[in-house]
Amino acid sequence: MARKKIALIGAGMIGGTLAHLAAKHEMGDIVLYDIAEGMPQGKALDISQCGPIEGFDATIKGTNDIADIAGADVIIVTAGIARKPGMSRDDLLGVNLGVMKAVGQGIATHAPNAFVICITNPLDAMVWALREFSGLPHNKVVGMAGVLDSARFATFLAWEFGVSVKDVNAFVLGGHGDTMVPVTAYTTVSGIPVDDLVKMGRSTKEKIDAIVQRTRSGGGEIVALLKTGSAYYAPATSAIAMAEAYLGDQKRILPCAVHLTGQYGVDDLYVGVPVVIGAGGAEEVIEIALDGEAKANFQVSVDAVRELLEACKGIEPSLA
Ligand code: APR
């Protein structure tokens, strides 16, 4: 059987890490595309030379020609720019919308059958715009946020309870940003809800509230420490888990930004909810019952995503 083809659009910090992980996991042959000349070629060569040491078989091609993504099975998009000092939200939206337009058209032309995972921020708006520009079916275009946000939540909880991260199953809903909704009622340690562990005296509500808040600002905490750039190891690892769920038809239930058509009372918006990822892409949204507080917080998050989308439509009339 021919190897799968993984196309990475954007060869920056996350793109390069994705290429290394995809090669290490032998997910298929890899195309690393960027507009910056030489950079994807250099990274591809460097990662190829890990092969003899790590023992992976994968062809890694760096390119500045979008046509090289032709026939890709999975595409992961990190192309774009980060917000720079002095830049308004709408300036950033304008630039990254332009990038999504170019990338979306490239995908439509060269790899319309791919499963597309978007990582570019602001995530919930960019994945929606990328879907619009590419014209691909909604189930084949998803955003990576919830897997990362849940991993951050799980990490902090494992530290708090002094247990293995393997035993923590964390649950985060909503948009990727300050309004995300970590749901403690559905977050468990070996099946025991966090709320019950608090009742058992293994932590306090105050400590869990602080962890929820730290999770919400998890990206910003890393930006402040790095000083240049943002997180890339865990974002790349998260997208690889989603890609593997698709390629392996694993039917994993992962929190992803998916297109909602009435579920959770939301229509025509990409928001983070649990979804079955398998060979059909985003196969089925899992609609869980939310209690009063989580429901209200989810609504705040949805409103924030909708506001961002309206700003996008104002900037790019073809989206309206
Ligand atoms: N086509 C292809 N690549 C592009 C384009 C474009 N039109 N515009 C910009 N790029 C490339 C840049 O040249 C750069 O190499 O996108 C890459 C982005 O890489 P980094 O700046 O290193 O950003 P990274 O840390 O990888 O994050 C990428 O993911 O989490 C989000 O907020 C983050 O939006 C950002 C994205």
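Using N, Cα and C of the backbone, Cβ positions are placed for all residues, glycine too.
All TrEMBL annotations are machine predictions without curation.
Among Asn96, Asn139, Asn169, only Asn96 appears in TrEMBL as part of the NAD(+) site alongside Gly10, Ala11, Gly12, Met13, Ile14, Gly15, Asp34, Ile119, Thr120, Asn121. Each of the recorded positions Arg83, His176 was scored by the number of other CB atoms within 10 A of its CB, and the lowest score belongs to Arg83.
Cβ neighbour count for Gly12 (NAD(+) binding site) (all protein chains, 10 Å cutoff from its Cβ): 21.
Reduced to three states, the DSSP call for Arg152 (substrate binding site) is helix. Across the residues annotated as binding substrate (Arg83, Arg89, Asn121, Arg152), the two Cα atoms farthest apart lie 25 Å from each other. The Cα atom of Arg89 (substrate binding site) lies nearest to that of Asn121, taking the recorded positions Gly10, Asp34, Ile119, Asn121, His176 as the candidates. Checking each of the recorded positions (Arg83, Arg152, His176) against Gly10 (NAD(+) binding site), the C-alpha distance stays within 10 Å for none of them.
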